[in-house]
Amino acid sequence: MYNHSILLTKMTKKKETQQTLEELQRRLKMKDEYIERLEHDLREKSEIITRLNSLVDKYQSVFSTSQSLLSGPKRRRNAGVSAEPLRGTQAMEFRKDSIKKYDKGKKSKATIKQAILENDFMKNYDQQEISEIVDCMYYVEYAADELIIKEGEDGKVMYVLEDGEVEVTKDGKKLCSMGPGKVFGELAILYNTKRTATIRAVVPCKVWAIDRQSFQMIMMRQGIVKQEEYMKFLKSVPAMKALPQETLARMADVIDEYHYNNGEYIVRQGARGDTFFIISNGRVKVTRKASENDEEKYIRHLEKGDFFGEKALRGEEMRTANIIADSKDGVSCLVMDRESFNQMLLSLEALSRTYDDDTENINVRGVRGEYANLKLSDLVVIATLGIGGFGRVELVQTVHDQSKTFALKTMKKSHIVETRQQEHIMSEKRILEECNSEFIVKLYRTFKDRKYLYMMLECLQGGEVWTVLRDRGSFDEPIAKFYTGCVVEALAYLHSRGIIYRDLKPENMLLDSKGYVKLVDFGFAKRLGIGRKTWTFCGTPEYVAPEIILNKGHDLSADYWSLGILMYELLTGSPPFTAVDPMRTYNIILRGIDAIEFHRKITRVAANLIKKLCRDNPSERLGAGKGGFNDVKKHQWFTGFNWEGLQKGKLEAPIIPKIASPTDHSNFDSYPGDDEVPPDDITGWDKDF
């Protein structure tokens, strides 16, 4: 009886335990379901926040455009920015695999990669580039209360926070706090810039960092190695083996890389095609049917480096066999279509054409020779016409002939060295000396002393287009068309010589006495040659093309993008991509021109031209194809425009500046004096200036 009672008690307890366990499991399941719902809600809210942020940026851009039409005098000048160009020895180091990599655990790598993928700007890089960036980031620890970034200091490092918490302040006011998995300071890897906020470690922090030079070299290496790899594949095609390097380089730019899954048909027998393929990874199986009702018969395999469909580049081809991906991990192919191929060849032909201007050069040498014996002490300053990062532009006249005036650009040598822009300054001098166009400012003479470099330039007393635009708010189509036409002539002249301008904006467009536009400030201009690329970030934030922002390497087609942005600004008073800071501006640019709601002032035809100039893919931009700038001139927006009259200077300008005398500077704003005396620089870097 006693044992039976114990047994009943145990059974009761077991049942109670079972019930308790079941109840706990039920509660746990309910909590799991509740957590799942919370996570789902969180994901939905995160997506909503992302969409709202996108809309805020978009409408902020539209709002600022609309505001500019109502408040012209409040327009601010767009400032140019530039990274320091890689020196020759640095630029070659990417080939030696010399960018230092730092060991890190799987968890750290995953944290860095995820932070990059969640950053609005950094997520635009491809997987290979992100992997390189992760590998090259080095480890740094910061104690609690230590400054990681200080507002106002020069920045050159980007960080990813792996562990800890940081506080962001601006002008002493707290903006926000950030925890692990966040990227900050990313603007510094693009170009020289002052830090806009202070970031302080709240608790001990573990961060990963990469400097601008390493980042630039990674991007340059990625771009050049990929281009060289593509060119190597192209050379393996017998019909292309003898093509010049510049042609192959251009072809490499219009190639796309596609991936096909195992078993996928790349080409089907009997289909019509205009596409050429080179296998870059994996292998394919070739099969053929003798007739429609027959089974496919195996012919052979093609491996990496093999190609097919080359006849399609010469004309539409009827495919004579099936090409099927036959690799476990799939097949990658470099692909080029006939239209891109033909446009590329014809655009090279157009670019290779140079102006026959021997007589013009004789004339310009004669004019410049007239001032060969002029001394700096012979010039008298009348007024300041403008100020910039490197110095000032003064209106001057000679003591010997007061009927002639010039613009003297004065640049502080110490500032040039401090920002490492020596190469850009020397390039500006060389390019201006070689140019002789009615749409480009003329350089007559250069001087130098221990503190400054000087350029004696043609004086354009009509003032900046920027000032006229500011005062008017916007231009109607005839005015915008005339100014755009002048710029087209200037850029066509430069591109025919393989020169990229890179700093197009109303601030760099000056009016001569007839009201014609001339481009000035060639500090970012560079002689590239035909089919070549460059990697230095430079330009004005609102005007830079996506490939410049992403450091993908850019060529002459970046100027076509800027031309589209200029058109938009001339017609509305503000560029299409604007935000409160450069990084937000870049993020809006990377979303593309199609994400912008065009202002009602822009007609359908004008919008069509702007969108064709501002394609994300450089090779798709109007002008980058076979016709060059002739394609731009033929666009419907320019229908009836007198190009010949413009070229000969016979077309009347829509706005004629009022100029009372050679010393009249009333078309320019007033500027304060500069009492700061820069230090001497006698290092000799400017010996050829």
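A Cβ is built for glycine as well, from the same backbone N, Cα and C atoms used for every other residue.
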For the ATP site that TrEMBL describes with L385, G386, I387, G388, G389, F390, G391, R392, V393, which of these is also annotated: K375, K404, K409?
K409
Using TrEMBL as the reference, determine which range in 7-55, 252-300 is annotated coiled coil.
7-55
Which of G389, G391 (the binding-site residues) has the most other Cβ atoms within 10 Å?
G391
Distance from D503 (active site, proton acceptor) back to I387 (ATP binding site), taken between C-alpha atoms, in Å:
16
Cβ within 8 Å of the ATP site's Cβ centroid: which residues qualify beyond L385, G386, I387, G388, G389, F390, G391, R392, V393, K409?
T410, M411
Among the binding-site residues L385, G389, G391, V393, whose Cα is within 10 A of the Cα of D503 (active site, proton acceptor)?
none
Determine how many residues of the domain 'AGC-kinase C-terminal' (639-689) DSSP places in helix, in strand and in coil.
5 helix, 0 strand, 46 coil
Between 0 and 100, where does the mean pLDDT of the domain 'Cyclic nucleotide-binding' (239-345) sit?
85
